[in-house]
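Chemist: Mind looking over this structure? Questions follow.
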Amino acid sequence: MSAVLVLALVLLSLTCVTDAISDACLTCICKQESYGCTQIGCRMDGRSLSCGYFQIKKSYWIDCGRLGSSWEACADDYNCAVRCVRAYMKKYIGKSGCTANCKNYARLHNGGPKGCTKPSTLTYWNAVKNQGCSINS
């Protein structure tokens, strides 16, 4: 019986690992958001401010767990921003009803917690694809 339990835990852990956003997909999103994945600071995006490599909004930063010393500091620190994006994706991919792939991660990043279901985020996905990613990246 314990061998079955161990096998189940191993399979579950593999599922969790494979559902994580890949480095390749993160890079494509970063390139799209900050003109080649560069530190660009904060900019107005519609009616709200977006900051850093991934153009993270304050509400996104709160949802990712308030990493770093502040929203702007985390967004402008590549490693902190990556941790924030990974945490956000982990939090919402399972709740969104969408499968874990680069297309849906990009759409979540652009459109919020249910972004992968919004037709308006398909244009963003096409822009991310143009940065060199595919659905399976």
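Backbone N, Cα and C atoms are what each Cβ position is placed from, and that goes for glycine too.
Sharing the feature lines straight out of Swiss-Prot:
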ACT_SITE  GLU33  active site, proton donor
ACT_SITE  ASP45  active site, nucleophile
BINDING   LYS57, LYS58, SER59, TYR60, TRP61, ILE62, ASP63, TYR88, HIS109, ASN110, GLY111  substrate binding site
DISULFID  CYS25-CYS102  disulfide bond
DISULFID  CYS30-CYS37  disulfide bond
DISULFID  CYS42-CYS51  disulfide bond
DISULFID  CYS64-CYS84  disulfide bond
DISULFID  CYS74-CYS80  disulfide bond
DISULFID  CYS98-CYS116  disulfide bond
DOMAIN    21-134  domain 'I-type lysozyme'
SIGNAL    1-20  signal peptide
Chemist: Do you see any of the binding-site residues SER59, TRP61, ASP63, HIS109, GLY111 whose C-alpha is within 10 Å of CYS74 (disulfide bond), and which ones?
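Modeler: So the list reads TRP61.
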Chemist: Out of CYS25, GLU33, ASP45, CYS51, CYS80, the recorded positions in the record, which is closest to CYS64 (disulfide bond) when you go by Cα distance?
Modeler: CYS80
Chemist: Considering only the recorded positions CYS25, ASP45, CYS80, CYS116, which fall within 10 Å of LYS57 (substrate binding site) when distances are taken between Cα atoms?
Modeler: ASP45
Chemist: The domain 'I-type lysozyme' (21-134): mean pLDDT?
Modeler: 96
Chemist: Taking helix as H, G and I and strand as E and B in DSSP, count the residues of the domain 'I-type lysozyme' (21-134) in helix, strand and coil.
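Modeler: Here the numbers are 63 helix, 10 strand, 41 coil.
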Chemist: Sequence gap of 6 or more, C-beta under 8 Å: which same-chain residues meet both conditions with respect to CYS37 (disulfide bond)?
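Modeler: In sequence order, the residues whose Cβ lies under 8 Å from that of CYS37 (disulfide bond) (at least 6 apart) are THR27, CYS30, LYS31, TYR53.
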Chemist: By a simple count of other Cβ atoms within 10 Å, which of LYS57, HIS109, the binding-site residues in the record, is least packed?
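Modeler: Each of the binding-site residues LYS57, HIS109 was scored by Cβ atoms within 10 Å; lowest is LYS57.
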Chemist: Tell me, if you would, which residue among GLU33, ASP45, ASP63 (recorded positions) has the fewest other CB atoms within 10 Å in the structure shown?
Modeler: ASP45
Chemist: Give the distance between the Cα atoms of CYS80 (disulfide bond) and ASP63 (substrate binding site), rounded to the nearest whole Å.
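Modeler: Counting only the Cα atoms, the answer is 14 Å.
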Chemist: Between the recorded positions CYS51, TRP61, CYS84, HIS109, GLY111, which lies closest to the residue listed as 'active site, nucleophile', Cα to Cα?
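Modeler: Nearest by Cα distance to the residue listed as 'active site, nucleophile': CYS51.
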Chemist: Output, ordered by sequence, the same-chain residues six or more apart from CYS116 (disulfide bond) with a CB under 8 Å from its CB, or 'none'.
Modeler: ILE93, SER96, GLY97, CYS98, LYS103, ASN104, TYR105, ARG107, LEU108
